[in-house]
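Summarising the annotation, TrEMBL assigns compositional bias 'Polar residues' to 177-186. Residues annotated as region 'Disordered' in TrEMBL: 167-208. Look at TrEMBL and you will find 12-31, 43-67, 87-105, 117-139, 263-285, 327-346, 454-470, 482-501, 507-529, 541-559 tagged as transmembrane segment.
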Amino acid sequence: MATCWQALWAYRFYLIVFFLPIFLLPLPILVPSKEAYCAYTIILMALFWCTEALPLAVTALFPLFMFPMMGIMDASEVCIEYLSDSNVLFVGGLMVAIAVEHWNLHKRIALRALLIIGVRPALLILGFMMVTAFLSMWISNTATTAMMVPIAHAVLKQLHSAKASGDLEEGRENPTFELQEQSPQKEVTKPDNTEVLPVPPAPSGPRAHLTQEQIRFTQGMSLCVCYAASIGGIATLTGTTPNLVLQGQVNSLFPENGNMVNFASWFGFAFPTMVILLLLAWLWLQVLFLGFNFRKNFGFGEEAQEKKQAAFRVIQTEHKLLGPMTFAEKAVTVFFILLVLLWFTREPGFFPGWGNLAFPNAKGESTVSDGTVAIFIGTILFIMPSNFPGLTQNPENPGELKAPPALLSWKVVNKKMPWNILLLLGGGFALAKGSEESGLSKWLGSKLTPLESVPPPAISIILCLLVAVFTECTSNVATTTLFLPILASMAQAICLHPLYVMLPCTLASSLAFMLPVATPPNAIVFSFGDLKVSDMARAGFLLNIIGVLVIALAMNSWSSSIFSLDTFPSWAHSNSTTHCLHSPANSTTAAP
């Protein structure tokens, strides 16, 4: 019997993929309508995403054959959703991020910032959180964590010893800083459908000699990196994928919204939210792992000064080993800053941007999008040489001069670009469009009208808590993909600004702090050791609550003026919401 159960468990994914579609068949058979067909597709994909019976990207391809076969949308209409403007922005933004990572610019920024901030225990945690959050705003939170965790543990090793190691005194490179992503042979591959993660090197030397206080500090340092990576990603539109899911679904469901969610408006809303949440997370981790002795936490005392100098030398030595900035690093920095400036000034809203002035359409709106800018800068990186002037001898033909490689090559991009996320984004946009075309969104909205009597702030907080719990076990991209179309329909039905529920739930999908499997940064930190699931759950539970409260504060204060959340917008009207025009009670539904 035991062997039978083991065989069934071994074949569980095959059984789920085979029997689940059959189990759900009564829905489209008994209710032969487009709404039921679309619901069948969404439920099937949601269960596949939750169980990961198929790779997430493969499940995201289901609308390509299910929607045309069920008569919901033409194949040509579905295919367009897989390369929408938000997908283009994702690709272009990641090209620049890959260039930053390829030329090691992110490590230089991290080490330089830590030298400025200092290495007192409380400030060290704050410094690592600030640096990690800043880098995570622009590059992958997984890559940021994989880089910062080895640096954190190398510094901790010196804080836990009375003097610096001999390697540092001699100025040699600290092997603890070696990043696994640079060594393909060390990558951990899994036979199932989970993502392949770069695992930092295991800490050298036994941990038995560490005191309980030192172990707790190590745990706090590890958690501060992965939490800051998740928090930092919410600040920019390209920082984490759920933000792009929101932008794409808003543009798909409400095509007349006037590009309300763009890089500048998102940054104005999300950056203050990120800063407040980051500071509160720092205070919580400091209290939980360092205690209330703030004099000791800030490193006063002779012994603390000695350890502080040893740890400072670790960072200083690694920074010196990078050498002076190369031409490639300077060029990537210039293009990166140029990209951010172009994003901010394209169509800011409160003054005419360069997109409105140079490339206007008939309505005076910019025909150039954030994705256009990202692809333009990304293309330049393939043209710009990495050294100028820089001619070298071709090793294959000594008599021939060879030009330096470009700042970015397709080989590098192809290796580091997460193409699976691109398909996952496209699948989400196809689901949202299918829900609208089939009438499922309108049907859901009609069933949610009783929520009209519930105060909007209460609706927002409840939904945030629901999404925060759901995202602990499911991909945050899949979570937002499933929830946002339903929330948009609900908002239309109760005459509430759609962004009042879509924005907070998008941010809440990044509050994955409790479990190692919740997000890749958590898994990386947990694989390094020193942490138990109970440690992460204890720290992450209250941080989830804090995150929901900070989001609620943001939604009922500065974001209201940025997105005009206190009125029901004209672009959100549908046949089911015509009563909103005649209902004065609902004209300021979202008022705090």
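Sequential numbering from 1, following the chain as shown.
The backbone N, Cα and C atoms fix where each Cβ goes, and this holds for glycine too.
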Any contact, the transmembrane segment (454-470) to the transmembrane segment (327-346), with at least 3 Cβ pairs under 8 A: no
Folded-back contacts onto the transmembrane segment (12-31), same chain, C-beta under 8 angstroms, at least six residues removed: 37, 39-40, 43-44, 47-48, 51-54, 70, 192-193
Same-chain residue ranges lying at least 6 outside the transmembrane segment (43-67) that approach it to Cβ under 8 Å: 12-13, 16-17, 20-21, 24, 27, 73, 75, 78-79, 81-82, 192-194, 419-421, 423-424, 426-428, 430-431, 434, 473-475, 477-478, 482
Cβ contacts the transmembrane segment (327-346)/the transmembrane segment (87-105), at least three under 8 Å, sequence gap 6 or more: yes
Annotated stretches the transmembrane segment (263-285) and the transmembrane segment (482-501) touching (3 or more Cβ pairs under 8 Å): no
